[in-house]
Amino acid sequence: MMLRLLSSLLLVAVASGYGPPSSHSSSRVVHGEDAVPYSWPWQVSLQYEKSGSFYHTCGGSLIAPDWVVTAGHCISRDLTYQVVLGEYNLAVKEGPEQVIPINSEELFVHPLWNRSCVACGNDIALIKLSRSAQLGDAVQLASLPPAGDILPNKTPCYITGWGRLYTNGPLPDKLQQARLPVVDYKHCSRWNWWGSTVKKTMVCAGGYIRSGCNGDSGGPLNCPTEDGGWQVHGVTSFVSAFGCNFIWKPTVFTRVSAFIDWIEETIASH
């Protein structure tokens, strides 16, 4: 549902080290593939209530037993939410799922987030769960990078989510993944790429073949560590309004390492 789109200056919010990625190729996330079940065990589905049923709207990452990080544009005070942990196939109850209600007063959007200016940055929010997650094989905590950490150009990261399979396309049932190499700020901020739209508190990844799309918003950009693990370096924020995988418009993420202090302060005070 969410994932900000920007056409040149119009974006669209994509409102989108554990287990090896699957090796087969198909066409998902926008030219991604089905993830190995529960291979990204910090991935969550943020769902909103409508007419008595809940529907997937955004992704998120479990960063503490009772805290999830997602995108600011995923949060509306007018909606009722739940978080589903241990999810893989949205259409089937498979057993590991943990459904946790969210209290509206436990939604913490970054104070500088401006819904009318996605390109201004600060597209990040924290959700305090109404009860702690039960950790296990299918539900684990994400690791976050150190404050200020910047990934080198072409770092091979993975986006994960249940976003549309292509622009205006269908939503998948199974969790999707796609390999998105990091595009550093020097390249991503070129005038014929994202220009001044992209800020240093963001991270770009991917290209015109693989990208995030609507429904991936808030989900993680998972990047490898030297010890064989993974860190969540990005929160999926926006793509071009011309299309989810438009040339010279890589997917843009909120750079998690730019907000470590805010994350730690918010959790400590609540």
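Backbone N, Cα and C define each Cβ position, glycine as well.
Under the DSSP three-state reduction, His73 (active site, charge relay system) is assigned to helix. Annotation comment: Swiss-Prot describes His73 (among others) as active site, charge relay system, evidence class similarity to another entry.
As annotated by Swiss-Prot, active site, charge relay system applies to Asp123 (among others), with the evidence given as similarity to another entry. Its own atom aside, the Cβ of Asp123 (active site, charge relay system) has 34 Cβ atoms within 10 angstroms in the protein chains shown.
Among the features that Swiss-Prot reports, active site, charge relay system is placed at Ser217 (among others). Secondary structure at Ser217 (active site, charge relay system), as computed by DSSP, is coil.
Swiss-Prot lists Cys58-Cys74 (among others) with the feature disulfide bond.
The disulfide bond annotation in Swiss-Prot covers Cys117-Cys120 (among others). In the three-state DSSP scheme, Cys120 (disulfide bond) is classed as helix.
Positions annotated as disulfide bond by Swiss-Prot, on the basis of sequence analysis: Cys157-Cys223 (among others). Residues near Cys223 (disulfide bond) in space but far in sequence (CB under 8 A, at least 6 apart, same chain), listed by position: Pro145, Leu151, Thr155, Pro156, Cys157, Tyr158, Val182, Trp230, Gln231, Val232, His233, Gly234.
Annotated disulfide bond per Swiss-Prot: Cys188-Cys204 (among others), in sequence order. In sequence order, Val182, Val183, Asp184, Tyr185, His187, Cys188, Trp193, Trp194, Val198, Pro250, Thr251, Val252, Phe253 make up the list of same-chain residues 6 or more apart from Cys204 (disulfide bond) whose Cβ falls under 8 Å from its Cβ. Look at Cys204 (disulfide bond): DSSP puts it in a strand.
Residues or ranges marked as disulfide bond in Swiss-Prot: Cys213-Cys244 (among others).
Predicted-model confidence for the domain 'Peptidase S1' (29-268) is 93, expressed as mean pLDDT. The domain 'Peptidase S1' annotation in Swiss-Prot covers 29-268, and the record cites sequence analysis as its basis.
Taking Cβ-Cβ distances under 8 Å and a sequence separation of 6 or more, the neighbours of Asn114 (N-linked glycosylation site) in its chain are Cys120, Asn122. In the three-state DSSP scheme, Asn114 (N-linked glycosylation site) is classed as coil. Positions annotated as N-linked glycosylation site by Swiss-Prot: Asn114.
The signal peptide annotation in Swiss-Prot covers 1-15 and is backed by sequence analysis.
When the C-alpha distances from His73 (active site, charge relay system) to the recorded positions Cys117, Asp123, Cys213 are tabulated, the minimum falls on Asp123. Ranking the disulfide-bonded residues Cys58, Cys74, Cys120, Cys157, Cys244 by how many other Cβ atoms lie within 10 angstroms of each Cβ puts Cys120 at the bottom. In this structure, the disulfide-bonded residues Cys117, Cys188, Cys213 were compared by how many other Cβ atoms lie within 10 Å of their Cβ, and the smallest count belongs to Cys117.
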